[in-house]
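Taken straight from TrEMBL:
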TRANSMEM  6-27  transmembrane segment
TRANSMEM  72-92  transmembrane segment
TRANSMEM  151-170  transmembrane segment
TRANSMEM  190-208  transmembrane segment
DOMAIN    194-312  domain '3-oxo-5-alpha-steroid 4-dehydrogenase C-terminal'
TRANSMEM  255-281  transmembrane segment
């Protein structure tokens, strides 16, 4: 039911989505150009990371003090695996053993506007459990890729971006948990009723995950020899798979993964569509800056490639 949701939580994700949409629009304004004063420098430093920080020009010394290595991205997935793993265990205990979620989670439900007394329509528990499981598996895969696939250069990210990323992976799993009715199940067994949208969502999730992995392997291989040894930390032009259509197919795949979860929740979950909208604009900002980097760095860069979404 569309109106039976954590209202404040949905509003928070919608506000974040609007903020990143505003950033996307500002990228076309004079504020995007370096050398526009302290506010402009800070704006550029907050939205760029890694190779795209080169577009900032020479950054002030005080800004360089507020940066951490881009390789710290791995911490995001460590936090996600641990936190979402704990949430998954709690939810499995509730669904398999009966009872209710911990009292602090029920309080969070009420504080965020979730009606804890409404009847489960039959699939909300199973859908949320499936999404939380796949979100955890996604984090596990990304952690493994950071450890054994990706090759990080000396790029940096702003400390605010780093803290925001840590908070994001805690918030997104908590958001899934808040889609579960908090009422006591009174020992009832989990009702597993697999619907067509579960099957479609899982198939889309697997498809997008496979392509994301392939694209990350392509990026890593730009810095490796045929034997797999890292031989360079410089940037190159990637080819193959979805790179033939867009500059950042791994960002596009990330969006599709979140869309697949919205499908698994039955299409009608307004809160999760707000999350999807946030992911859309967040990844679009990063993709536009990355696309710009490729175009300005490589004179022969394929002109037909789009930044983020094929043909758009």
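In case you wondered, yes, glycine gets a Cβ from its N, Cα and C as well.
Where the annotation comes from TrEMBL, it is an automatic prediction and has not been curated.
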Chain residues in Cβ proximity to the transmembrane segment (190-208) (below 8 Å; excluding those fewer than six residues from its ends, i.e. six or more beyond): 95-96, 122-123, 125-127, 129-130, 134, 253-254, 256-257, 259-264, 266-267
The transmembrane segment (6-27) touching the transmembrane segment (255-281) per 3+ Cβ pairs under 8 Å rule: yes
Residues from the same chain, set at least six apart from the ends of the transmembrane segment (72-92), whose C-beta lies under 8 A from its own: 101-102, 105, 128-129, 132-133, 135-136, 139-140, 142-143, 146-147, 152, 157, 162, 165-166, 168-170, 172-174, 176-177, 180
Counts of helix, strand and coil residues, the domain '3-oxo-5-alpha-steroid 4-dehydrogenase C-terminal' (194-312), according to DSSP: 74 helix, 4 strand, 41 coil
Averaged pLDDT, computed only over the residues in the domain '3-oxo-5-alpha-steroid 4-dehydrogenase C-terminal' (194-312): 95
